[in-house]
Amino acid sequence: MENISDLWNKALAEIEKKISKPSFETWLKSTTAHSLKGDILIITVPNEFTKDWLESRYTRLIEQTLYDITGEELKIKCTIPNHQTTEEFDLKPTSKPRKHDDEQTEFPQSMLNPKYTFDTFVIGSGNRFAHAASLAVAEAPAKAYNPLFIYGGVGLGKTHLMHAIGHYVLEHNPSAKVVYLSSEKFTNEFINAIRDNRPDDFRNKYRNVDVLLIDDIQFLAGKEQTQEEFFHTFNTLHEESKQIVISSDRPPKEIPTLEDRLRSRFEWGLITDITPPDLETRIAILRKKAKAEGFDIPNEVMLYIANQIDSNIRELEGALIRVVAYSSLINKEINADLAAEALKDIIPSSKPKVITIQDIQRVVGEHFNVKLEDFKAKKRTKSVAFPRQIAMYLSRELTDCSLPKIGEEFGGRDHTTVIHAHEKISALIQTDVQLQKQLKEIMEKLK
């Protein structure tokens, strides 16, 4: 085995990809490899609180990561400098270190995270459809949607849903062969099988399962041989009515250098996306996390965190954990001020303001003395129609809203009306100095 410091650094690099930045920096960044005794890797941590937290919440992730890197079943223990020496540990190996055989066809349920179930998944507007589709697949594998393709940004719940499907299937059919793995692990195992001249063992392993859950499929891009292998694996499973669930950070058509025949197969079933959670969902996520971990968090702190962290669930939960850890370490009660202090390193001092269509209507209405309801009315008088066109133009320029959504906010107007307004104002700006001045004033008020 390689030098344990190099091994631990590799493990940290992989773990950093899988958890939120605040969680990584709070619990793992300051850790180092101490020693290796038998099949137990001893990690040095800064204090007792970190030791308890790592051992209770990250053991499974760390040990799985070490296995992915080494192929050996290593256990971890934590030690605190000048607090406990390695000799004081009970270091009897829990099992003899051994390499996993790639041809192994039994897939331990430990590959599934026990915390990722449908019961622990918080449903919101951004994930409702993906949740419903995942539940339908779990209830009737290969009969509802096959394949199910879930895409969305990092930390939004794709992996949670995949694990939840696996748990549900096993709960209702304990003898089912359910496999969860990343496309990177699929690639590495395939390469090892080719190297060791055991391609048939690899094929038998993944073509004889009931449910295949494969995460981050976008990493197959550019890997021609692996794509070829996965293509045939996909075909075999699909023809035998076995369920396939795939996740990605983007839809199939946007994955570069993905073979067309794979892309088309990904589109055979149902494609659903997950978008970032809205404020209400973020608060619900924090409440559920706090309850699960036994944290007593005031509502004002929940609201503060939810308002500050709007990127993804992983960052959101990581921020909550950071606040709790900070409170424990300095022995102070959790409140909004403490939360602000704990999160000052990960929250920008001045977040850019998110401008909404309602903001635009309000400011444009004030500038031109137009009532808000007039923007949605059928009035076509110039005193109303022109400000409405300006508001539509700004909505197109300053928000991420679609044309139909903008039209809906202006009294249910057709998207072609929005296009016409945008084109008209865009043309006028080129020559109308007065309009340029008005738009500048409006935008300054908005920002």
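Placed from the backbone N, Cα and C atoms, the Cβ positions cover glycine too.
Remember, predicted model here, so these are calculated numbers, not experimental data.
Per Swiss-Prot, the features are:
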type	residues	note
REGION	1-72	region 'Domain I, interacts with DnaA modulators'
REGION	72-110	region 'Domain II'
REGION	86-107	region 'Disordered'
REGION	111-327	region 'Domain III, AAA+ region'
BINDING	G155, G157, K158, T159	ATP binding site
REGION	328-447	region 'Domain IV, binds dsDNA'
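All features noted in Swiss-Prot, drawn onto the structure.
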| residue | record | Cβ contacts under 8 Å, 6 or more apart |
| --- | --- | --- |
| G155 | ATP binding site | S20, S311, N312, I313, R314, E315 |
| G157 | ATP binding site | F121, N127, A130, I274, I313 |
| K158 | ATP binding site | A130, I150, Y151, G152, D215, S247, I274 |
| T159 | ATP binding site | Y116, D215, S247 |
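Highlighted in sequence order, G152, V154, L156, H160, L161, S247, I274, N312, I313, R314 have their Cβ within 8 Å of the centre of the Cβ atoms of G155, G157, K158, T159, the residues recorded for ATP, and are not part of that set. If you average pLDDT over the region 'Domain IV, binds dsDNA' (328-447) in this model, you get 88.
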